[in-house]
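Asks: Shown below is the structure under consideration.
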Amino acid sequence: MHVLKQLLTKTEVAEFRQALQHVPWLDGKGSAMGMAAAVKHNAQADRDHHQVQQLANRLLAKFGHNPSLMAAALPHRIYPPCFNSYAAGGHYGWHVDAAIMRLPDQQILRSDLSITVFLSEPEDYQGGELVIQTDFGEQSVKLAAGDAVLYSSATLHQVMPVTAGQRVAAISWLQSMIPGTALRETLYQLDLSIQALAGHSGVERAELDRLHHIYHNLIRQHAQV
Ligand SMILES: O=C(O)CCC(=O)C(=O)O
Ligand SMILES: [Fe+2]
């Protein structure tokens, strides 16, 4: 699980929120697959609406420009973000996200990672925590507007009832070039280490090059594209 601080600035959050007031919203059940529909109680911006698609593309571009997200996820495909809203007891019970999704261009996406971008400040609503089952127990996530959390799509997770106020968020799914969590995590650690060493003046250039070489060759050996 990775927290990405300030994926969006507060100004960008305000622009998204403003724009979302002028698009059509639908019952979230319509976009839930299989058993997930029974436990989904929220609203979702109509993803067939051109303005919603523009917002999704804008957020997609922000994803692409975020080095931490790119390094942690090593994405091959990204689902156009969806915007959802929970209010008045709205919640999304325990579920797993669909393993296979179809992209607008009809290509198939295997969901390896899920991302939630918080678009409401935590003090503006009660409840609404994203609770994720991990090997280390349940993790409850409620972040500042503009922050995001990246987590395995294989987890069971839920959104707790929003008992006051409104929780607006964007969600998306990523297919990683490196499907296995353990290897992807190791590559991320290696990448972080290389970045840190690159910032030190005392590090021998040839050794840094060798580490770069190793990183890229590991991706070459394991990437599924
Ligand atoms: O809104 C969230 O934080 C997550 C929603 C979710 O789990 C989903 O839409 O599949
Ligand atoms: Fe989900």
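A Cβ is built for glycine as well, from the same backbone N, Cα and C atoms used for every other residue.
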Asks: Of the residues His41, His49, His157, only one is listed by TrEMBL in the Fe cation site with His95, Asp97. Which is it?
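Replies: When TrEMBL describes the Fe cation site, the candidate it includes is His157.
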Asks: Residues with Cβ closer than 8 Å to the Cβ of His157 (Fe cation binding site), same chain and 6+ apart in sequence?
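Replies: Looking at Cβ-Cβ distances below 8 Å from His157 (Fe cation binding site), excluding near sequence neighbours, one finds Trp94, His95, Val96, Ser114, Leu130, Val131, Ile132, Gln133, Tyr151.
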Asks: Please determine which of the binding-site residues listed here (His95, Arg167) has the lowest count of neighbouring CB atoms within 10 Å.
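Replies: It is His95 that, of the binding-site residues His95, Arg167, has the fewest other Cβ atoms within 10 Å.
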Asks: Starting from the Cβ centroid of His95, Asp97, His157, the recorded Fe cation site, name every other residue in that chain with its Cβ within 8 Å, sequence order please.
Replies: Ala36, Tyr92, Trp94, Val96, Ser114, Ser153, Thr155, Leu156, Gln158
Asks: Tell me, how many other CB atoms lie within 10 A of the CB of Asp97 (Fe cation binding site), whichever protein chain they belong to?
Replies: 21
Asks: How big is the gap, in Å, between the Cα of Asp97 (Fe cation binding site) and that of Arg167 (2-oxoglutarate binding site), rounded to a whole number?
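Replies: Rounded to the nearest whole number, the Cα-Cα distance is 20 Å.
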